[in-house]
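**Student:** Quick one: this structure, given as structure tokens, is what I'll be asking you about.
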Amino acid sequence: MCRPRRGVPLLPLAALLLLLTVHCAGRCLAAAPALRHRCVSGEAALGVAPATAVVREVPRRGQGAMQAYTVATQTADGGDGWAPIRIKVSARDLEDPLKHCSAEGETRMTGDGRRVTCEAEDVLGENKKDILLRQILPAAIKLHAERLSVKPVRGLIRMPEFGLAICGRFTIPAWHRSTGVSDADLLLYVNALPTVDALAWAMVCARLVDGRPYAGALNFNPRSIKADQESVRTAAHEIGHVLGFALEEFVRFGMVSQVPSGPGKDMAWVVTSPTVKELARKYYNCPTLENIKLEDAGCAGCAGSHWKQLYAKEELMATVGQPGYYSALTLAAFADMGVYRANFSMAEPMRWGNNSGCGLLEKKCLTGGHTDYPDMFCKQLWDEKKLLCTHDRLSLGNCYLVRHNQPLPPQYQYFEGARLGGRAVFMDYCPYVIGRAEQGCTNGTARAIVGSFIGPNSRCVKGNDLK
């Protein structure tokens, strides 16, 4: 049942207004009972060679010391040469009807080289285009720009002719290669071709000599273009990959190593960089923690390029899920790359796993049907439809526990019955409560949760015969 929570007002959503530069003519999310991962990320997932292009600054013709100083004083953060990252979007492919689905029945080539037939939901109409360019992308860019600073690029940068891998399939304006682009720290080439089993995908196209990605490609599934926070967070997740939150970039920056992942599992990638380790120790209340694991399950583009879902289910850079909080863990990862300065005052708080202790990271989620974390994991069958509180107390929902047709691998067995377990591979089949939109304490419907108070300060409470 949802009861009012007194004395804790909720902050209003920030306005979704940001100047978006578009050079044109004129990132699976929880939805019970099926889960789709947010994205595929990186070359391995798309079956292409990695991008090898390195771009260099080209001094502006006639630019003197005074002009350079003027730029610095106008854009630097605190006079130390760091400034909020400037992201420009090039969306030529959204204006070319041959580059996306413009009508039902057309055939198009996807990013991984597969040919698909466009269905009605794949068609990129003017309304979806407008939502993507004027609402989703500006809001997603704002999430990064208000949290990450860089040493601003002072001159022009010309995109290279070769070494762009799959990014070469996106339309790059000729002047990006000849004249060059000014006043930008990241170029984002955007399209909206259909994708299979993912909301979006993204990858790095080119890097500066210090290793910081300067250009990237982002493809958004047209079926997933909606004017809502879920789409905004998905886009922000994908831009996060372009900024460097991906296994190949972690390796380049020397932030990761491989460790045994446990019986029946392959080696897992873990982040070992100092700021991440310090933040993770505090967040999980685990002073002996030496690393934090990256995803080791699911698709090729998921493993190593996301926080492990089981330990960071709510995080922006987790593989699946919402709300997608931009937490201190992701800010720490960017800070440890050495090419970003993170604004930790803008970190969004998470609850999943917070102060759980080392046990969550070292032991099974349940053993013999018992868990040390009853607010996180559950043991009621999905078919029973028993209403339970989600871990954050913002909704009622049902336990995602089912009987599988075949026994689960031993490392994923948490009950006496070998076929009993959760359905989410990214959660290592650990069962947890999935909230339902109509049963949300803050925005649900009265008919779905009779007897509850619905409002911004309401929270789910456990108990018997509450009145």
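Yeah, the Cβs are placed from backbone N, Cα and C, and that goes for glycine too.
TrEMBL does not curate its annotations; it predicts them automatically.
Computed from a predicted structure; not experimentally measured.
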**Student:** Out of H176, H306, which one does TrEMBL list together with H237, H241 for Zn(2+)?
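**Tutor:** My reading of TrEMBL gives H306 as the candidate in that site.
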**Student:** If H, G and I count as helix, E and B as strand, and all else as coil, what does DSSP give for H306 (Zn(2+) binding site)?
**Tutor:** coil
**Student:** Taking the Cβ of E238 (active site) as centre, how many other Cβ atoms lie within 10 Å?
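**Tutor:** Here the count is 28.
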